[in-house]
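K.L.:
The compositional bias 'Low complexity' annotation in Swiss-Prot covers 41-52, 99-119. According to Swiss-Prot, the feature compositional bias 'Polar residues' maps to 123-137, 209-220. Taken from Swiss-Prot, the feature domain 'GRAS' covers 215-598, and the record attributes it to sequence analysis. Look at Swiss-Prot and you will find 222-283 tagged as region 'Leucine repeat I (LRI)', backed by sequence analysis. Under the heading region 'VHIID', Swiss-Prot lists 302-367, citing sequence analysis as support. Residues or ranges marked as motif 'VHIID' in Swiss-Prot: 333-337. The region 'Leucine repeat II (LRII)' feature in Swiss-Prot is assigned to 383-415; the stated evidence is sequence analysis. The region 'PFYRE' feature in Swiss-Prot is assigned to 424-520. The region 'SAW' feature in Swiss-Prot is assigned to 523-598; the stated evidence is sequence analysis.
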């Protein structure tokens, strides 16, 4: 555990093309281990115990997620939730100090059930309760307070730490399967059994465990999709009175806690109302999760998504496997990741590179993100770099991380520091749709970014994106296509998420993953509309025009990806190939597409065609 918490940052360089840099923080050197048994077992194993492969077990991701949670505990970020966390911690330590002035004795008595070498220790709920109840000695030191103040103080002491600790304990359990990219064979078989039981349809055509039967009758009596279309037509024709009447009718038959159709209608009605009033609350200006959403909740929602939907799992698997095959003989590997965000894609690849015959290559990652609002536009990507660095140190992978936080179309080739002796990979997964196209600017920032990809002259360009047709400049055309697209997604979550205790996470997932984009598509116009998807055939034309040619996805990768979907997920998920694209969808509708590309003409150092 000490090795995970006290990692040297020597040789860890941060370089930001936008000019804002930060130094590694020292307060990440200590924290609380949420997976103690896991780390002990991992420290006893050797990286050479098994042959090199990609995504065989979930230990890399568990380490990575545990690291993120410790960062959440120990580091005061710019988000409001981080400040609230730190306030809760300060209150917790104030309580302990108030219980006894002799901190050494209190520490020794309260650490019988915990590790003594932890700088920030969050005891179990039982320990908290006993310590807080048996506080008579400390209470005698505050007899100048009246009885009412003592009661309020006791309530504060008893409630706040228990809530915080129980939340972290619950999160530790739920995050064990946060990514299904890496699984052991035994875990695969167990997961397959669970999914098979959950996916068996009943006579109503829904999976077992669904609790929305009581709401089906109401949905069948009112055609909510038709009402939404009529409301959108009224909005498009500026008939505010008719649009308001339709909105009232939709709200009477929709709910954020109903079945898939009811939830779709509820959120689309909110988007239509925002378009009418011009008031979007909360404001939607970028694809990032809301600043009021904590990292804890984001991880819970992400865990639920990868547990019920294979999109990210198979795309990350295919991307990592393709990069690994390219890097089998490379001595230096440079990955330029456009849209690195939290870095969930990389733990399994790093683990595989550590087991490569002959040792791992020198790995350099350039993480690129859009700037955050506030005084620290690069804060998120810097934190991702620190976590990846500590993770690489665990597996002895030589690592260097550079970051850039600025609009992608403004990035220059010099900022990326491409070295001729490196094997270079450009990675862009599910993020290019958020770059404006020619309908916003005649120069087409989207084509500018693709041209930058080509100027990098990569050995491999890994690309995945949403297959969507709701990017029309005409509102009604865009609305109808968005209605079809999101109907499939809400139906997918409605079918695959059964447990009632997951409904809260489903609501968060839909709000942050689906509703933000839908709100942008429906309520915004011009440059304010940040979600601009295209079909995979349209992406193909753009990428070919930028100077790339398709790279064949190996049959082995396609076979293993299909096995992942078949064994772990609902039978209505589909995966197929078309003209060097790996396509994924739900009930026959293609939703996501993945492909690999290479430069049509490879350039030498002197920019000569070869």
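For all residues, glycine too, the Cβ spot is worked out from N, Cα and C.
Each of the listed features needs to be described in terms of its position in the shown structure.
P.N.:
Taken residue by residue, the region 'Leucine repeat I (LRI)' (222-283) breaks down under DSSP into 45 helix, 0 strand, 17 coil.
If you average pLDDT over the motif 'VHIID' (333-337) in this model, you get 98.
The DSSP breakdown of the region 'Leucine repeat II (LRII)' (383-415), given as helix, strand and coil counts, is 18 helix, 7 strand, 8 coil.
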K.L.:
By Cβ distance under 8 Å, which residues at least 6 away from the ends of the motif 'VHIID' (333-337) in the same chain are close to it?
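P.N.:
Beyond its ends, the motif 'VHIID' (333-337) has Cβ neighbours at 323, 327, 345, 353, 361-368, 416, 418-419, 422-428, 456, 458.
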